[in-house]
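In what follows, a structure is listed as structure tokens, so that the remarks can point back to it.
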Amino acid sequence: GGPRAFAKRTLTWRLLGEGASGQLAVDEQRHILRLAFRMWSEVMPLDFREDLASPGAAVDIKLGFGRGRHLGCPRVFDGSGQEFAHAWRLGDIHFDDDEHFTPPSSDVGISLLKVAVHEIGHVLGLPHTYRPGSIMQPNYIPQEPVFELDWSDRKAVQKLYGSCEGSFDTAFDWIRRERNPQGAVTLRFSTYFFRNSWYWLYENRNNRTRYGDPLQILRGWHGIPAQNIDAYVHLWTWGRDERYFFKGNQYWRYNSDKDQTYTKDEQGRSYPKLISEGFPGIPSPLDTAFYDRRKQLIYFFKESLVFAFDVNRDRVLDSYPKKITEVFPGIQPRNHPFRNIDSAYYSYAHNSVFFFKGNAYWKVVNDKDKQKHSWLPSNGLFPKQSISERWFDICDVHTSTLNM
């Protein structure tokens, strides 16, 4: 009986002062434990926060090391070998300090990180499993070069706690041209999701976020504002290849080769610039924008309006602005974001535009959809769906663990 899972969304933990290991520096123990909690956080909608201040009884998960009889615990450790640690569901974790615990970088000994991730799994409500690759296997598997949570572990913990939901400031594909050994140019793209001051790289081929994300925008993107980006546009024609970030009434141009923003344009005028200067007729601040490569138009969105900007003539098309519902009509009546779109995202993996708002998305009808069903309106919006059912594991972590 009893609850299978924690009811609250932020859990606190502490390494007990009297329960620190004699083998690693205390700061290193805390760093490894913080990383172990963060690894679960990256795949589920729970945050973990180290709490050094509250009275002990108020801390959700207390961790400690001990030998034999330890920490007033009814279960006695057995010396070296056999049992490395034990945990109580929704409770505490004890590590046997007779084991040779080592940091993740070590090739010898027992990885404290792996044992901690396994035991936290138990605390969260996961039983042992015999699935190869799972961290919840009963037997310790020695160190391996890359250690991350297996698909089965992600699914098991999401069954208890649900999947991660949330809105995004912007989402985009970052395109780069690569030459293969034969000299042919291929296009590679990476997908990024931005929220507040952090971002995720999405691995389309694995259908999940990169292990170790999210990271701070400040650290991965040099020169753009550190949070709340409104839009990203990659303007590319045969003669141009320009990347712009928009926030407030300004925009920045990004230099892909140097991985930083440009400080000046070709004429020597400095960035950031005013949107009204570089894109005459476009209002600010914007909700979002995307570049339509075939039409060579940038669609800028603000409230319930869309502006189509001709990149060759540097001006808004004559008949614009229009209502978003007129240019991108809903296929089903009233099933439409209508206004204040968070992000308009052109995805190369799906050859489609998606409108994001809150935790929902609407897919825009593309050529392939039209070939299959000729009655579909051009640029029509399919009924809304949940972002988390198409893009998996885009999970926040506690801000104290963003820089790991």
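Count begins at 1; order follows the chain as displayed.
Cβ atoms here come from the backbone N, Cα and C positions, even for glycine.
Here's what TrEMBL has on this protein:
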DOMAIN    1-163  domain 'Peptidase metallopeptidase'
BINDING   D60, D92  Ca(2+) 2 binding site
BINDING   H70, H86, H94  Zn(2+) 1 binding site
BINDING   H118, H122, H128, M136  Zn(2+) 2 binding site
REPEAT    165-224  repeat 'Hemopexin'
REPEAT    226-282  repeat 'Hemopexin'
BINDING   D230, D342  Ca(2+) 4 binding site
MOD_RES   Y271  phosphotyrosine
REPEAT    283-331  repeat 'Hemopexin'
REPEAT    338-394  repeat 'Hemopexin'
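Listed in sequence order, the residues E119, G121, L126, P127, T129, I135, Q137, P138 complete the 8 Å Cβ shell around the Zn(2+) 2 site centroid, once H118, H122, H128, M136 themselves are left out. Over all protein chains present, the Cβ of D342 (Ca(2+) 4 binding site) has 24 other Cβ atoms lying within 10 Å.
The candidate set comprises the binding-site residues D60, D92, D230. Of these, D230 has the most other Cβ atoms within 10 Å. The secondary structure of H118 (Zn(2+) 2 binding site), as reduced to three states from DSSP, is helical.
Closest in space to H128 (Zn(2+) 2 binding site), of the binding-site residues given as D60, H86, H94, D342, is H86, taking the CA atom of each residue. Note on the binding-site residues H118, H122, H128: the fewest other CB atoms within 10 A surround the CB of H128. Put simply, of 165-224, 226-282, 283-331, the stretch with the most CB pairs closer than 8 A to the repeat 'Hemopexin' (338-394) is 165-224. A separation of roughly 39 Å, to the nearest angstrom, links the Cα atoms of H118 (Zn(2+) 2 binding site) and D230 (Ca(2+) 4 binding site). Among the binding-site residues D60, H86, D230, the ones whose Cα sits within 10 Å of the Cα of H122 (Zn(2+) 2 binding site) are H86. Checking each of the recorded positions H86, D92, D230, Y271 against M136 (Zn(2+) 2 binding site) by C-alpha distance, the shortest gap belongs to H86. When DSSP labels each residue, the repeat 'Hemopexin' (338-394) comes out as 9 helix, 19 strand, 29 coil, counted as helix, strand and coil in that order. The 10 Å shell around the Cβ of H94 (Zn(2+) 1 binding site) contains 23 further Cβ atoms across the protein chains shown.
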